[in-house]
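Database features, via Swiss-Prot:
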- 1-25: signal peptide (SIGNAL)
- Cys38-Cys58: disulfide bond (DISULFID)
- Asn45: N-linked glycosylation site (CARBOHYD)
- Cys54-Cys94: disulfide bond (DISULFID)
- Cys70-Cys99: disulfide bond (DISULFID)
- Asn72: N-linked glycosylation site (CARBOHYD)
- Cys89-Cys108: disulfide bond (DISULFID)
- Asn103: N-linked glycosylation site (CARBOHYD)
Amino acid sequence: MALNWSFRVIFVSAMWCALLKFATLEEREDDNDYGGGCPFVVLGNGTHAKPAGCSHLCNGAPETLDNIECYNVTEEVAKRMTPDIPYTCWLGWCSKGECKRDNRTEVCYRGSERE
């Protein structure tokens, strides 16, 4: 009789431990937070994508890019572009959050939302 009772205690203890183990394996919601930033609007040219401008507001705070090629187009204008229609865009270089335009242009387009 004592052996039967011991088996039950061990079995219940093992089940309780397993339940606690699986209960702690749940993924927390904040595990996939990669910094909380906001993505920049980008335009493509068939082979590369570049940001439209070099600064924007993210949750009320400014975010800027530096030392990267950009299109000298505001995010507002880029968002109004018709997807998959080619446009002529001025190229520039991000410097302290401003896309400094140079004397080059290239075809650019806004991708479709499904991409």
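Placed from the backbone N, Cα and C atoms, the Cβ positions cover glycine too.
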Among Cys38, Asn45, Cys58, Cys94, Cys99, i.e. the recorded positions, the one with its Cα nearest that of Cys108 (disulfide bond) is Asn45
The recorded positions listed are Cys54, Cys94, Cys99, Asn103; by CA-CA distance, the one closest to Asn72 (N-linked glycosylation site) is Cys99
Running the recorded positions Cys38, Asn45, Cys58, Cys70, Asn103 through a 10 angstrom C-alpha radius around Cys94 (disulfide bond) leaves Cys70
Of the recorded positions Cys38, Asn45, Asn103, the one whose Cα sits nearest to the Cα of Cys54 (disulfide bond) is Cys38
Rounded Cα distance, in Å, between Cys70 (disulfide bond) and Cys89 (disulfide bond) is 10
